[in-house]
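Engineer: First the structure, which I've put down as structure tokens, then a few questions once you've had a look.
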Amino acid sequence: MHGHGGYDSDFSDDEQGGGSSKKRKKTVEDELLLTKPFQKEKYGKVAHKQVAADLLDREEARNRRFHLIAMDAYQRHTKFVNDYILYYGGKREDFKRLGENDKTDLDVIRENHRFLWNEEDEADMTWEKRLAKKYYDKLFKEYCIADLSRYKENKFGFRWRIEKEVISGKGQFFCGNKCCDEKEGLKSWEVNFGYTEHGEKRNALVKLRLCQECSFKLNFHHRRKEIKSTKKRSKTKTESDESPHKNSRSSSSEEASQGKDEGHSSSKRSEDSRNRNAGEEDSASDSELWKGPLPETDEKSQEEEFDDYFQDLFL
């Protein structure tokens with residue numbers, strides 16, 4: 001018995017239960033209609049362990065990627081090596097590079113350098129030869145720098161000048177011996193330089209500028225060819241060679257000038273005679289004007305002109 005006037009109903013609970021179920025259906029339908037196609041499902045419960053592990057792995061991978069990007073190549077290499085040793089074992093000496101066969105650019109140039117490059121040398125060009133050829137092209141090959149330390153053994157060393165030596169004047173305005181900086185009394189010498197390079201014997205004519213003491217060292221065994229300035233001699237020779245030509249040119253020019261003078265004089269004479277004739281004619285005409293009045297001329301009338309014209313036609 002319930003306390004509402006002593007009345008009770010068996011259908012009251014069923015009606016209340018039916019209304020709540022309808023409300024639930026409406027809410028589910030509304031949620032289905034309002035959900036977007038790209039919207040993720042809502043977890044009303046605690047996430048599964050696998051889902052949580054995947055999220056953690058993804059976050060860790062993102063952090064590791066940012067960490068590796070911040071490193072340079074050497075730091076990444078050391079990190080990977082340390083990780084390999086930590087996870088798989090091994091010794092650190094196994095990862096050390098052997099530097100016995102390492103070569104710098106200077107070593108490559110020393111191995112492949114040539115005092116003079118020929119067309120045959122440029123046939124098969126490797127990257128080492130190209131590097132040596134590039135260095136050779138930057139050298140200045142007018143004067144040489146000499147090593148005269150073993151002049152008593154008749155052994156000399158020659159090399160081309162570099163840009164720094166060209167700017168400072170070493171080898172041209174200063175002595176070409178690498179251990180001498182004398183700049184007075186320099187002489188130019190031409191040396192037939194014989195050398196062996198890459199198993200081949202070659203010769204090259206080399207110019208040197210040396211002081212007196214270094215010239216004595218160069219010519220210790222036999223005298224080399226000295227290069228003297230031939231500008232004055234060449235000038236005197238050219239002047240002597242050109243003198244007969246100059247004389248002939250001067251004589252021909254005099255004859256031409258004489259001919260031109262004669263031509264000018266004759267032309268002047270003709271012009272003078274013409275001017276005289278014109279002046280005489282003008283003076284005659286002026287004198288005739290002042291002699292008296294002009295004679296009267298009878299002008300024919302138009303009829304008389306017609307009569308004369310027709311008379312000539314009918315004759």
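From the backbone N, Cα and C atoms, a Cβ is placed for every residue, glycine too.
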Engineer: Would you mind telling me which one of SER12, SER168, SER188, SER287 Swiss-Prot calls phosphoserine?
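Structural biologist: Checked Swiss-Prot: the phosphoserine annotation sits on SER12.
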Engineer: Among SER9, SER253, SER273, can you tell me which residue Swiss-Prot lists with the annotation phosphoserine?
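Structural biologist: Going through SER9, SER253, SER273 one by one, Swiss-Prot flags SER9 as phosphoserine.
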Engineer: Tally every other Cβ atom lying within 10 Å of the Cβ atom of LYS36 (N6-acetyllysine).
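Structural biologist: Here the count is 6.
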